[in-house]
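Annotated in TrEMBL:
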type	residues	note
SIGNAL	1-21	signal peptide
DOMAIN	28-321	domain 'Plant heme peroxidase family profile'
DISULFID	Cys38-Cys118	disulfide bond
ACT_SITE	His69	active site, proton acceptor
BINDING	Asp70, Val73, Gly75, Asp77, Ser79, Glu91	Ca(2+) 1 binding site
DISULFID	Cys71-Cys76	disulfide bond
DISULFID	Cys125-Cys317	disulfide bond
BINDING	Pro167	substrate binding site
BINDING	His197	heme b binding site
BINDING	Thr198, Asp242, Asp249	Ca(2+) 2 binding site
DISULFID	Cys204-Cys229	disulfide bond
Amino acid sequence: MAFLSLFRALVLSSLAASALSARPYKHGLTPHFYDYVCPQALPAIKRVVEAAVQQERRMGASLLRLHFHDCFVNGCDGSVLLDPTPTIDSEKFAAPNNNSARGFEVIDQIKAEVDRVCGRPVVSCADILAVAARDSVVALGGPSWKVRLGRRDSTMASRTAANNDMPTPNMDLPSLINNFKRQGLKVKDLVALSGAHTIGFAQCLNFRNRIFNDSNIDKAFAKNLRSFCPRTGSNTNLASLDPTPARFDTLYYNNLLSQKGLLHSDQALSTGESALELVKSYSYNYEAFWKDFAKSIVRMGNIKPLIGNQGQIRSNCRRVN
Ligand code: HEM
Ligand SMILES: *[C@@H]1O[C@H](CO)[C@@H](O)[C@H](O)[C@H]1NC(C)=O
Ligand SMILES: *[C@@H]1O[C@H](CO)[C@@H](O)[C@H](O)[C@H]1NC(C)=O
């Protein structure tokens, strides 16, 4: 009996070791990170995401966006989830997030459920964001991909970094390209990942400038939007980012070709030759869009993760331990 359990311990530890080192993988992240530590973790995340999206379709968009806002600010380290304290400069109040980023309660639910099924806090909040983003896209009819895992959670946040590093909806193509470049991402990543705007909504204050001032906008489209997003007031009125905000389809790109992008930054993708070529190809080839979106979001998920014994595994995604 003692021998048997020693034997099992050896097999298990060598399996765990091989899960961590058998094949070379980028940035120390691997899709198999939780296979032996807690195989129930990923199915649990999927269950909670599916229930949340069933209850409110928009939640899929909101969860996908959280992973993006996490990764672009000091890497994918769960920093976007931290609430303010005297020592935490919460990113939730940065301009791109304040009254805009949402889904934090769903992340709390996922964390509670994952820790319950695993019996202890072994799954990082940063990994939860990455998996929830994938499961959200799948729940809204989009592609799936293997999420690389093993990120750990930061012990700090930076509102300043969030303000400086997130792209803004008024950016032109060169600024967008430069913003993504600073994250190690290419034009193709920019165009493919902007396809995330095939789902979800934006507030009037983020597209007012476009509907009143841009010339590369469909006239009827602009006029219609101006009726509920006037020059002043109604800042929080919502418009869908494409005509099918709960379906991960290619209409976002089709709309760019007819000058019906909602954000100035969306329409900007049709203003440069190499970006426009990609917009065109994604507009009629959902397989190309899906494949490139999956590739690019994995690349985004690799941005500066904390690994090994860096950072921590938070018990509560809103607070450092
Ligand atoms: C390329 C630069 C980008 C800019 C300037 C940008 C900007 C914005 C803005 C202004 C909104 C509306 C927020 C509001 O009105 O409250 C929004 C929504 C959204 N963004 Fe982006 N975004 C960009 C790229 C991305 C990327 C890379 C992703 C994910 C991979 C993403 C996912 C989303 C989603 C899903 C929504 C809808 C969220 C919801 O309905 O709750 N965006 N974005
Ligand atoms: C965030 O939004 C609230 C309004 O809901 C506002 O009072 C506050 O000043 C904003 N914070 C920052 C830092 O802009
Ligand atoms: C349109 O552009 C002008 C000049 O740049 C600016 O003053 C004005 O605030 C803009 N209008 C809107 C609705 O953003």
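Cβ atoms here come from the backbone N, Cα and C positions, even for glycine.
Unlike curated records, TrEMBL annotations are generated automatically.
A map of TrEMBL features onto the structure.
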{"residue": "Cys38", "record": "disulfide bond", "contacts (Cβ under 8 Å, 6+ apart)": "Val114, Val117, Cys118, Gly119, Val122, Val123"}
{"residue": "Asp70", "record": "Ca(2+) 1 binding site", "contacts (Cβ under 8 Å, 6+ apart)": "Cys76, Asp77, Gly78, Ser79, Val80, Leu81, Ala126, Leu129"}
{"residue": "Glu91", "record": "Ca(2+) 1 binding site", "contacts (Cβ under 8 Å, 6+ apart)": "His69, Val73, Ser79, Val80, Leu82, Asn97, Ala157, Ser158, Arg159, Ala161, Ala162"}
{"residue": "Cys125", "record": "disulfide bond", "contacts (Cβ under 8 Å, 6+ apart)": "Gly78, Leu81, Ile107, Lys111, Asp153, Arg314, Cys317"}
{"residue": "Pro167", "record": "substrate binding site", "contacts (Cβ under 8 Å, 6+ apart)": "Phe72, Ser175, Leu176, Asn179, Phe180, Ser265"}
{"residue": "Thr198", "record": "Ca(2+) 2 binding site", "contacts (Cβ under 8 Å, 6+ apart)": "Gly142, Leu241, Asp242, Thr244, Arg247, Phe248, Asp249, Thr250, Leu251, Tyr252"}
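The Cβ of Gly75 (Ca(2+) 1 binding site) lies under 8 Å from the Cβ of Ile303, Lys304, Pro305, Leu306, each on the same chain and at least six residues away in sequence.
Shown are the binding-site residues Asp77, Asp242, Asp249; of these, the residue with the fewest other Cβ atoms within 10 Å is Asp249.
Taking the recorded positions His69, His197 in turn, the residue surrounded by the fewest other Cβ atoms inside 10 Å of its Cβ turns out to be His69.
For the recorded Ca(2+) 1 site, residues Asp70, Val73, Gly75, Asp77, Ser79, Glu91 set the reference point as the centre of their Cβ atoms, and the other residues of that chain within 8 Å of it by Cβ are His69, Cys71, Phe72, Asn74, Cys76, Gly78, Val80, Ala126, Ser154, Ala157, Ala161, Ala162. Its Cβ placed at the centre, Cys118 (disulfide bond) has 17 other Cβ atoms within 10 Å. Among the recorded positions Cys38, Asp70, Cys71, Cys204, not one has its Cβ under 6 Å from an atom of ligand 1.
Take the disulfide-bonded residues Cys76, Cys317: by the count of other Cβ atoms within 10 Å of each Cβ, the lowest one is Cys317. Within 8 Å of the Cβ centroid of the Ca(2+) 2 site, not counting the listed residues Thr198, Asp242, Asp249, the chain contributes Gly195, His197, Ile199, Leu241, Pro243, Thr244, Pro245, Arg247, Phe248, Thr250, Leu251, Tyr252, Tyr253. Rounded to a whole number, the distance between the Cα atoms of Cys204 (disulfide bond) and the residue listed as 'heme b binding site' is 15 Å.
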